[in-house]
């Protein structure tokens with residue numbers, strides 16, 4: 001709806017990174033980019049619309065449902081299973097593609113740099129090697145950052161906050177498009193190969209969600225291809241269920257943890273859940289893990305040995321060697337506390353950094369420069385740490401992929417290099433499984449410190465990247481350090497195996513940053529293939545979450561809040577019983593009569609100042625005896641389809657050979673309904689009348705104006721509504737409750753606070 005020139009100017013600013021979507025754009029913006037964008041986290045952005053989880057039960061819908069017999073319902077159910085299988089297979093294949101490409105490209109890069117370093121160690125001039133490494137990193141990351149910043153900014157970051165919002169019922173623009181998927185996959189490959197402190201696991205969740213949204217619609221709007229299949233699923237209700245299956249398939253492909261995927265979808269994602277959905281989602285997750293497993297097994301040359309269930313494999317922890325005893329449990333709980341504190345520190349630093357980025361680094365070219373800078377700095381830090389480290393370990397019996405000798409004696413390698421000169425996944429596995437004595441405590445301490453700040457700086461850059469692996473790596477490093485110091489203190493008694501403490505540290509750190517409890521416990525158990533550690537991991541994660549929540553909220557929730565998304569939590573704020581629907585609702589409401597002039601409808605829809613999406617329908621001709629009571633609710637999208645097909649009373653009376661509108665016409669226009677400006681209505685047509693009675697939803701949910709806020713919230717949240725009409729005792733419309741009216745109220749430090757709304 002960019003009509004006036006001021007709106008067009010806003011349009012030029014709208015291709016900015018995700019985190020920068022929150023800004024107060026004054027309409028008199030100067031033409032060039034402002035240097036600083038004022039940003040306030042106590043805002044809710046009005047540019048996010050809600051998804052419609054509630055089906056509009058108009059006459060067309062009821063007629064169609066009544067026509068469908070039992071066998072047809074069974075075919076719909078079979079189609080759902082087929083779609084879930086396809087989601088699983090495709091997500092698995094995308095994960096394979098990412099894994100194989102990253103392995104080959106990163107291997108090539110490390111071989112080149114290793115050859116260069118070995119050559120220059122002998123004859124001096126190692127600065128060339130540093131230059132080569134930094135340039136390789138920066139150039140790869142530049143490509144990865146350019147495609148994200150200039151083509152599809154939604155693909156930045158891990159995509160988990162966006163999918164979380166989508167499943168909560170917020171429509172985030174472009175989040176499940178094919179273009180986003182392509183940019184996401186290429187961006188992840190480039191940022192991992194570019195040596196940033198990132199993992200390829202988080203973005204798999206977003207990729208799975210996009211795949212699910214695409215398949216379930218049976219067509220691609222980006223490619224303008226319609227395959228004429230799965231048309232029944234073209235509505236928000238169905239699409240959203242499939243997206244939660246896609247997110248689960250993504251988790252299980254990333255970690256080889258199908259149960260963890262289902263629980264992740266349940267805990268982080270879906271706001272709505274039923275039993276059938278659980279079983280279908282588990283099916284999709286299993287298929288996805290199996291696909292990845294079989295393809296990678298064939299690729300690695302042992303076709304019958306299904307040994308790589310996920311993108312990251314923590315390797316097996318043997319029960320005989322590493323059990324745990326009762327007296328270790330307090331130690332684990334202490335590690336959980338440390339993880340919670342470090343996680344809270346990570347989030348607080350990242351919060352200030354993101355605020356700075358939103359204010360100053362909001363132009364795509366600046367974002368690319370920052371990404372290149374981070375890549376070069378990461379390489380430099382790694383190189384300097386390896387160069388200064390004098391920690392040498394014997395080569396034989398160790399499983400190092402690219403051993404760097406540098407200044408060590410022959411037959412030895414530099415142990416700092418195993419941490420920095422490798423993809424993060426491999427480093428994590430090394431920290432878990434290398435035998436005791438492979439690492440010098442000094443090496444681990446320095447590595448943890450450096451990597452903590454690098455990972456914190458990297459999250460929120462304009463590249464596609466996950467935060468899972470860096471957190472695990474930081475945690476594994478300080479956990480191993482903890483284990484080594486314990487065995488020093490206990491004079492090397494058997495139970496202080498450093499690998500076990502590395503695992504607990506990794507869990508504590510990740511739990512302290514993202515604050516997932518249930519799904520993370522199961523993911524860690526499935527990824528290590530060991531159930532014995534279930535209890536300590538659960539304790540560690542619980543402590544980390546409790547301690548972390550005391551200081552600051554989780555990373556994903558924080559980024560959702562920074563983007564000013566109207567996110568609805570599970571419950572209304574605790575102290576909100578004093579508020580009633582009358583105080584919360586938006587007024588005045590634009591109502592339509594049941595038989596309305598076309599001109600009025602067009603004017604209401606074209607009015608840019610009130611961008612409403614739902615209109616209560618009231619009785620057309622109230623005489624003295626009848627009040628203009630509520631008769632139904634009609635959506636903007638439905639009105640646009642009616643105007644586009646010119647369904648007017650006069651034309652029906654003239655019986656112009658005109659078929660009745662079917663639900664299919666509404667489904668074909670979904671999800672990108674044309675804007676009202678593109679629909680031409682002539683002067684004569686403006687005088688026609690339009691009858692809304694068979695298209696409106698005749699039974700919308702309503703609440704009386706005395707209802708308390710928690711009650712309204714429960715109804716709205718549990719049914720996934722988009723509009724809730726507030727009526728008085730004569731059933732006249734007095735107000736409307738939408739997502740923004742409920743998300744405005746939040747528990748702050750001082751109690752209940754109300755956020756302001758901004759047209760951003």
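From the backbone N, Cα and C atoms, a Cβ is placed for every residue, glycine too.
Because the structure is a prediction, the values reported are computed rather than measured.
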Annotated range (TrEMBL: transmembrane segment) out of 42-63, 108-129, 130-151: 130-151
163-180, 181-198, 199-216 - the range that TrEMBL marks as transmembrane segment: 181-198
Annotated transmembrane segment segment (source TrEMBL; candidates 402-421, 422-441, 442-461, 562-581): 442-461
Residues in the domain 'CBS' (696-754) grouped by DSSP into helix, strand and remaining coil: 16 helix, 22 strand, 21 coil
Other parts of the chain folded back onto the transmembrane segment (81-102), taken as Cβ under 8 Å at six or more residues beyond its ends: 181, 185, 188-189, 192-193, 200, 204, 207-208, 211-212, 215-216, 230, 233, 242, 245-246, 249-250, 253-254, 280-281, 283-292, 295-296, 299, 311, 423
Overall pLDDT of the domain 'CBS' (696-754), taken as the mean: 88
Same-chain residues at least 6 beyond the ends of the transmembrane segment (242-264) whose Cβ lies under 8 Å from its Cβ atoms: 83-84, 87-88, 91-92, 94-95, 163, 166-167, 176, 200-202, 204-213, 215-216, 233, 270, 277-278, 280-282, 284-289, 291-293, 308-313, 468, 516, 518-520, 522-523, 525-527
Winner by Cβ pairs under 8 Å against the transmembrane segment (442-461), considering only 130-151, 368-388, 501-525, 531-552: 368-388
Same-chain residues near the transmembrane segment (331-353), Cβ under 8 Å, at least 6 residues beyond its ends: 324, 452-453, 455-457, 459-460, 471, 474-475, 478-479, 482, 486, 501, 504-505, 507-513, 515, 536, 539-548, 550-555, 558, 562
Folded-back contacts onto the transmembrane segment (467-489), same chain, C-beta under 8 angstroms, at least six residues removed: 158, 197-202, 254, 312, 331, 335, 338-339, 342-343, 346, 419, 424-425, 427-428, 431-432, 436, 439, 441, 444-445, 447-448, 451-452, 454-455, 458-459, 496-510, 513-514, 555
